[in-house]
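Annotated features, as they stand in TrEMBL:
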SIGNAL    1-35  signal peptide
REGION    55-74  region 'Disordered'
COMPBIAS  61-70  compositional bias 'Low complexity'
REGION    98-119  region 'Disordered'
ACT_SITE  His159  active site, charge relay system
BINDING   His159, Asp189, Gly261, Asn262, Ser263  substrate binding site
ACT_SITE  Asp189  active site, charge relay system
ACT_SITE  Ser263  active site, charge relay system
REGION    406-470  region 'Disordered'
Amino acid sequence: MAPTNRSPFRRTLALMASAAILAHAGMNGVAYAQAAPETTVPGVAAPAPAAPVLAPPAPAAPQQTAPMQAGVPGNGPASVADLAEGLLDAVVNISTSQNVKDDEGAGPAPRAPDGSPFQEFFNDFFNKQQGNKGGNHNVSSLGSGFVIDPTGYIVTNNHVIEGADDIEINFANGSKLKAKLIGTDTKTDLSVLKVEPKAPLKSVKFGDSSTMRIGDWVMAIGNPFGFGGSVTVGIISGRGRNINAGPYDNFIQTDAAINKGNSGGPLFNMKGEVIGINTAIISPSGGSIGIGFSVPSELASGVVEQLREYGETRRGWLGVRIQPVTDDIADSLGLDSAKGALVAGVIKGGPVDDGSIKAGDVILKFDGKTVSEMRDLPRVVAESTVGKEVDVVVLRDGKEQTVKVKLGRLEDSDQAAAPGDGDGSQDDGVITPDPGENNDMDQPDGGDQAQPAPDTPDQHKGQVAPDAATPRNVLGLSLSLLSAETRKAFGIAESVDGVVVTEVTPGSASAEKGLKPGDVIVEVAQEFMKSPDAVAAKVQALKQEGRRNAQLMIASANGDLRFVAVPME
């Protein structure tokens with residue numbers, strides 16, 4: 001293969017959550033290429049290579065372990081030997097190599113977490129690389145995977161094979177086959193590979209992770225530190241975990257030991273079904289401390305099927321920007337609790353640009369699925385079929401309404417976007433905000449733009465009180481008409497309309513919510529604002545209604561929208 005210019009450590013320590021270390025062989029394999037590249041034991045003769053593992057005729061279903069005795073704390077399965085024996089042949093070790101040019105150098109050594117045994121190795125490796133520029137070298141890595149079809153389809157993590165020039169599959173009996181990449185998805189960190197066996201391979205099937213409960217027994221099989229066919233057992237410790245690894249985080253947490261090299265390997269239920277794909281661990285030391293994370297099969301199976309069939313994903317696209325419904329926002333909207341996803345803007349030219357969904361709507365249900373919190377929406381939209389017409393339940397003007405939406409395709413929206421305009425990340429048909437109290441919205445990859453603040457509605461034309469030119473102080477904000485002078489002073493786009501904030505009182509509730517001079521109040525409680533007096537009157541009316549917070553639609557100078565609930569002092 002031709003040499004590449006890619007750094008072998010571009011994804012070193014990727015997907016770290018706090019002190020998270022990827023359950024990833026060798027940080028793209030460099031550590032493990034020397035630390036534990038082989039599974040043979042010194043002094044013990046290795047078995048002769050054999051043919052790829054074949055599926056036996058009329059295979060029997062894996063035997064289940066004896067069930068736990070009800071009411072006996074700490075009593076687990078007596079043994080998982082029969083279950084493991086029936087599954088080991090379907091789990092593979094994956095080794096990759098990448099030809100890397102040395103002229104640009106390997107860069108500084110990456111920082112491992114405090115106490116990691118690999119920091120010294122990293123320093124030594126990178127110091128050598130700095131003195132060995134000008135040539136090429138191969139970088140190797142190890143990971144895990146599992147066969148999902150006897151014809152040779154294999155599932156693993158994207159970070160196991162990313163950037164590889166050569167992928168080799170090592171089977172349980174020591175035989176090896178070259179693999180080609182069928183498709184990969186960086187947003188879920190999943191990839192599908194294909195080998196060409198001479199006879200059918202032993203395979204495993206996906207189970208339904210949604211039926212798994214906290215406390216259920218699970219078994220992980222993989223290639224930790226190069227020791228292939230390693231089996232560990234534990235329980236499901238948690239569900240729906242978000243470790244900020246990607247837009248669809250919904251990880252299963254398990255205490256089954258998962259280490260570097262387990263990445264891409266299966267997490268089984270006690271029926272021998274794959275209910276998770278081991279992806280990451282949290283560890284201050286680099287080894288398992290009983291906190292591992294697996295992509296649930298309810299998410300992975302659909303992605304894998306699309307990668308296998310199309311070589312790419314085909315996700316639904318709603319075309320909205322969203323933010324969380326906080327307690328303050330819920331109160332300002334009259335909701336009994338914080339739930340749903342608040343629409344902060346609509347993507348121009350997207351599926352709901354026709355007005356079926358509007359800024360200020362709270363999405364409560366999507367295609368029959370409840371949206372309990374903001375992060376639920378990206379996932380359910382992405383899992384939906386492109387072109388499908390779905391019912392969306394929204395809260396608008398204090399009442400629930402059902403609207404019909406025909407979904408677009410997320411990947412088409414990515415390709416159609418003009419490069420260079422965005423500075424955030426596109427999720428899965430909705431754009432979610434960066435964490436933070438001010439709830440500023442990200443822009444999607446490639447520059448999809450949210451609609452600018454709406455033009456002045458006809459019913460509000462001429463809505464100017466006699467003393468509107470006089471600045472008013474409301475909610476700790478000094479407000480003024482949006483005139484040619486204020487537009488120029490704050491660099492506010494012509495497409496933005498409303499009431500401009502000229503000053504913010506330090507220490508006020510508005511200041512704590514991140515409001516700043518140059519922000520424009522477009523709406524208060526879903527009512528368009530044309531003058532400072534209109535804002536003051538609406539806030540007073542909300543107080544008389546017993547509301548504790550005022551929901552403001554705020555436009556930035558370039559027209560990006562967000563909602564802020566400000567306590568009314």
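The backbone N, Cα and C atoms fix where each Cβ goes, glycine too.
A quick note: this is a predicted structure, and the numbers were derived from the prediction, not measured.
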Of Asp189, Gly261, Asn262, Ser263, i.e. the binding-site residues, those within 10 Å of His159 (active site, charge relay system) when Cα atoms are compared: Asp189, Ser263
All-chain count of other Cβ atoms within 10 Å of Asp189 (substrate binding site): 28
Secondary structure of His159 (active site, charge relay system) (DSSP, helix/strand/coil): helix
